[in-house]
Amino acid sequence: MIAMTLAEVARAAGGRLADPADPAAEATVAAVVSDSRAVTPGALFAAITGARSDGHDFVPSVLEAGAVGAMVTREVPGVPAGRQILVADVTVALGALARHALTELRRRRPDLRVVGLTGSYGKTTTKDLLAQILQPLGTVLAPAGSFNSEVGLPLTVLRADTKTDVLVLEMGADAVGDLTYLTSIAPPDVAIELAVGAAHLQGFGSIENVAIAKGELISGSLPDAVCVLNIDDPRVAAMSELAGGREVLTFSRAGAQATVRAADISAGPDGRANFRILSSVPGASGEAAVELALTGEHQVGNALAAATVALHLGVPLPAVATGLALAEPASPHRMAVGELDGGITLIDDSYNANPTAVRAALATMARIGAGRRTVAVLAEMLELGEASAAEHASIGAEAARTGVDLLVSVAAPAELGAAAELAGVSVLRASSVEHAGELLVPHLQDGDVVLVKGSLGTGVWRLADRLPGLVAERATQAGDQR
C-alpha cells in the first residue's frame, strides 16, 4: 500500500476522523483489511456489517492487536475517537479510497499495468495463471482466492505500491451495473472477457443480461486499453462492438483464426492437456508446444487468455509456454487432484459450480477415470432462477452420458437425481453435506475416482476437505476387520 496517514485516508474515503485533533490522525496506515483475524500492526480495519457479523464489534480487539484505526459508520464506545474514521458506508468508502490510491499510484508509476478479467467461469484460474506467467515483467500482484467483489477488489488494489509492476484484478458481477462500479475504481489497461454462461441467473434474470453486465468491463476500461476476447463464445465475440477505438486481441481453442489459438489439443490419462499455441500478437508471433500442469482440457481456454495478455505485455512466447507448463493450481478447491487411501482419486472442484463448469468437471473425471469406477458428488448449482430445474436435469443426463457409476445428490433439486436414474445411473440422495459423507463412504470402493462439485453456498467443499480423513478411517476400520 502507498503510505497514507489516517487523516489522508479519511479525506480520500470521503469520511472524517471522529477527533481530527488527536495526534493519532498522523499515524501511517500500512494496510487495509476487513477480516479482524488478518489485522497486523499498522493496519486499518474496515468494519463492514454483514449478514452474520458486524465489524464494529471487533474494533476494540483489532486495536489491541495493533491496528492504527478503524473505518466505521458509527463511533464505537471505549475506543479513542482519533482512531475512528466515520463514513456513511464502509464498502463505498473502501471503493473511494482504492480509487484514490490507484490514481495516485498511476501518477507515480506511469508504467504500471492493470489487468482486469471477468467471465461466468474461469476467472480465478486465469488470474492465477497470469500471476505466475507474468513474473518475467517484475512484481505481479494478484488476489488470493476470489477477491472479486465490491469489497475484495478495493482491498486488492490497496495492497499495490510503487514496487508493483502488474496488478491483476478479478472482477465478479451478480447484477447489471456491478462491473461499471468496479471499473470506476480500477479501470484496466487490459480487459479480458472469458465467457458468458448460465451463472447468477437469479440476479441477472437472463443470459442476455449476463452479457450486458460482462460487457461493462470493456466499456469501463481505459480509452487506450487492449481488450482480450474469447471468440469461441459468440456473446463475448460480440463485445468487440463495445471496444470503440481500443485494440482488440482474440483467443480461441476451437480453431478460429484468432490472435492466439490452440492446435492439436489432447489430454493424457491424468487429465492434463497438451497443445500447440499459435500467436500472431504484434511483436510476438510464432508457435510453441505447451503441456499444462493444470487438470482438465477446459483449462486450455484459460491458458490461451493468460497467454494473450502475457504476449501483449512483452513476455516472449517460449517463456509463456514454459510458464504455463510450470503454473500450478494456486487457489483451493479448483480441479485439485489427490490420491487417497485405497487408490481412490479425489477431484476436488468444489469451490463453485455452474452448468458449463460441471460438464467440464464430469468430462475430466471421465478421462481420469477411464477403466475405473467413477463417483460424482454433486451439490446444487445455486442462483439459476427459473432455469434451475432444467439445468439440473441436464446435468443428471450428462452424468450418465459421461459414464458416472454412482451419483450422490447433495441437497440438490430432485431433477438432478431423477434424470440420472432415468438414464441408468445409481443415485444416492443426501439431505446435507454431512449426510453426504455418511452415505458416500460406505459405498466407496478401492480405486474409485470421486468428483466433488457444487456452488460455494452449498458448503460441499467441507466434504472435499473431510473426505481424505473419512477414507483413511474407512481403510483403518477395514484393516481392523481382517
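Yeah, the Cβs are placed from backbone N, Cα and C, and that goes for glycine too.
TrEMBL labels come from automatic prediction, so no person has curated them.
Annotation source TrEMBL lists domain 'Mur ligase N-terminal catalytic' at 30-99. Among the features that TrEMBL reports, domain 'Mur ligase central' is placed at 118-310. Residues or ranges marked as ATP binding site in TrEMBL: GLY119, SER120, TYR121, GLY122, LYS123, THR124, THR125. Taken from TrEMBL, the feature domain 'Mur ligase C-terminal' applies to 333-455.
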Sorted by sequence, non-GLY119, SER120, TYR121, GLY122, LYS123, THR124, THR125 residues with Cβ within 8 Å of centre, ATP: THR126, LEU194, ALA195, ASN302
Collapsed DSSP category at TYR121 (ATP binding site): coil
Nonlocal neighbours by CB distance (under 8 Å) for GLY122 (ATP binding site), same chain, sequence gap 6 or more: LEU194, ALA195, GLY301, ASN302, ALA305
Under 8 Å by Cβ from THR125 (ATP binding site), same chain, sequence gap 6 or more: LEU294, GLN299, ASN302, PRO329, SER331, ARG334, MET335
Neighbour tally for GLY119 (ATP binding site), based on other Cβ positions within 10 Å of its Cβ: 27
Cβ-Cβ neighbours of SER120 (ATP binding site) (radius 10 Å): 28
Neighbour tally for TYR121 (ATP binding site), based on other Cβ positions within 10 Å of its Cβ: 24
Arithmetic mean of per-residue pLDDT over the domain 'Mur ligase C-terminal' (333-455): 96
Listed binding-site residues (LYS123, THR124), ranked by Cβ neighbours within 10 Å, top entry: THR124
